[in-house]
């Protein structure tokens, strides 16, 4: 790997909350859009594929299902690769895989070939981009992280509004083979987004650590299963699995529901456009609200409220009997769906922290993959048995509300309130302070041959620094870095130009 920087996440760098982080946010916005919207955009070509290969709609629907299964199910693999090689190289390779899958699919001679190329290869490529982009976003933003998550999540509805019409145009002009080839070229933009994920480098003072200390540090785990010891993570994982069972059901069936009520195809498809348009604005707005000082510590309960809002919307929407009522349903569903999308990864980041997030998100996505494969097909079987969309929406609403209750109630009962640990920036400042103190303590030893008074100076500085640091640790961790700088400046003033060492008291 030569001189490549591997971003292990423990670089001792304060999250910039801006600067190059905005470029990282843009890359995450694009990657999120491709990851969530591409499986839906591919459905535009299903009619041509049915005519080409003589298969049924259920056979072509497996393409989107395999895409989603790879996106969620390969989470642990992505975590291992990120912890081993870093986010940037994994995303670059993922972009090549995503593009290669669509290019190979354009030469397919059977539906099985499309399963393997578009479903497996492209799905794996999107997964290798999606998860690392969220990890890098978590490292670049701390105070503004809720807003950053909301803006990045808005990439999903924006890309859906763009990719679906683009797919229709490509199919009309170039056929499905030409459309797949062009989409493969578009997916090469994932490589460009991966190039934006520049690793954070440690400052010089913290990077100049003794080799012995580096060797004594344990190697980072490729997949950290200790997150399962965290009660908050377990509660979140169970709630997320229940939520995913019903979260994606209404967008899948709302168009068919409108057609069942006797509406035209174009009029029915307009419902998804309304839902996506509302979703675009709901996600950043929710991110701003989640970033407020009095809301952020209670972000878990805001997430629970968003799920209750979404589930209640499904329950009320099940009683819709005409097109205007479905429009109202899509408006409120778009708001609640956007809130859930903006908060789901923000809450996970807050629960597990930066160091374990790369492993935690992979394990959560693996659990959600099972629910994604079970949820919509299970709702379809209920629809086949009852011939009534009301029961589909009722089941979806009950599942999402149940997930909200599990998250909120278990969090209140089993998660004890404890003082918030210092954010990664505070921990990093403390690490830098310790390094500065070590260098400060070494200086008097090197200057022992220059004259007397060094021992007294060293003891006075150490005593004063320890007293100040103990007092400041009780008040604010951020102020520790200021004390070290003051001590360092004081030590510089101890030696006169003629080489005579002067005590601080004698210089007054």
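Just so you know, glycine gets a Cβ as well, placed from its N, Cα and C.
TrEMBL annotations: computationally assigned, not manually curated.
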Among 389-414, 415-440, TrEMBL lists transmembrane segment at 389-414
Decide whether the stretches the transmembrane segment (269-292) and the transmembrane segment (147-166) have at least 3 CB pairs under 8 angstroms, with pairs required to be 6 or more apart in sequence.
-> yes
Please indicate, using numbers and ranges, the residues of the same chain that are 6 or more beyond the transmembrane segment (60-82) and have a C-beta under 8 Å from a C-beta there.
-> 35, 38-40, 42-43, 46, 49-50, 90, 111, 114-115, 118-120, 122-124, 126-128, 130-132, 135, 222-223, 358-359, 361-366, 368-369, 372-373
For the transmembrane segment (147-166), which partner among 178-197, 222-249, 299-320, 326-345, 357-377 gives the most CB pairs under 8 Å?
-> 326-345
